[in-house]
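In what follows, a single structure is set out as structure tokens and then discussed.
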């Protein structure tokens, strides 16, 4: 392990605290490999370098015997690399930067044209020409930067900018776009919640109107509160589960929900029939049945679209058939009217009555105004629960 040293050695022998098994690879140019001799002087400017033979001296080290590098080497030229441990505190900052005397503000950065003039010499044309070089193009387009193929310049600056951002990172998001993108769904959600709360009040309002018919001129009250189990006074529309009238209240609410669902289905059916999405064949003259099919050989050609079903044909006679085109709108309504008129002959009189009312339009309008004036408040109280459904119906009517 080597005898302890009584005196400090100079040079590499002094470095006894830094073990380095690779000390026999010195990092200066005195190696004969660099042909350093008297004719070729040393160009290593390290003032603390040792003579070459002293690099072979053995140092104790922290992990046993080993070769200690000459000056610096893999450890650098610092005092710690030389084996000199310095424990003195660092020098205080000069007075100009001392906090006691006040620090000067950071100077304003000079403009880009002064610090990086080479960056101001580029324009889009020069940049496109530089992209023709495969080595430069490979920095922005790794998939197309090979030197074996010729690449065309980027046609637009926008596409070039997007490619550079995809390489260096996404740009900062525009908060205005984020706000406008979130504002729309929030308003829709608020409108949906408002309509939902209003729609949920429809059954309760209709239930109140239904029960009020049983208490004409008398304040409504639940008959179940006079049973054997006394319950506090309450309305028949807010019976607790322990009240005998609770089951009747649930039954009324269920019937009201079915009525609302039927009303929505009727509205949807009318809307589809108006748009011509119900290609129902009308009743053929002189018959109570219909036969829908393509027109092949018809005595009367069908006018309009040729898509199937395009016409209504009677039973063929002698290979020919009578064809009637399907109406493009209100086909189902016309079918229902023809079907009802064939079974109830008195309905045909309503057509003349409607035509007569249309001919007397001022009288009809005055009659309608008088009816609204007389029965308007009662109609409003009855139809007010259905007002929240009006925007939904209007939206469906406009969208389909």
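Note that Cβ sites are derived from N, Cα and C of the backbone, with glycine treated the same way.
Between the stretches 149-169, 212-232, 233-253, 254-274, Swiss-Prot puts its transmembrane segment entry on 254-274. According to Swiss-Prot, of the candidate residues 37, 320, the site noted as N-linked glycosylation site is 320.
The topological domains that Swiss-Prot gives for residue 281 and residue 371 carry different names, which places them on opposite sides of the membrane.
Between the stretches 119-139, 182-202, Swiss-Prot puts its transmembrane segment entry on 182-202. Looking at 284-306, 376-398, the range tied to transmembrane segment in Swiss-Prot is 376-398. Within the chain carrying the topological domain 'Intravirion' (370-375), a Cβ under 8 angstroms from the stretch's Cβ atoms is held by none of the residues 6 or more beyond its ends.
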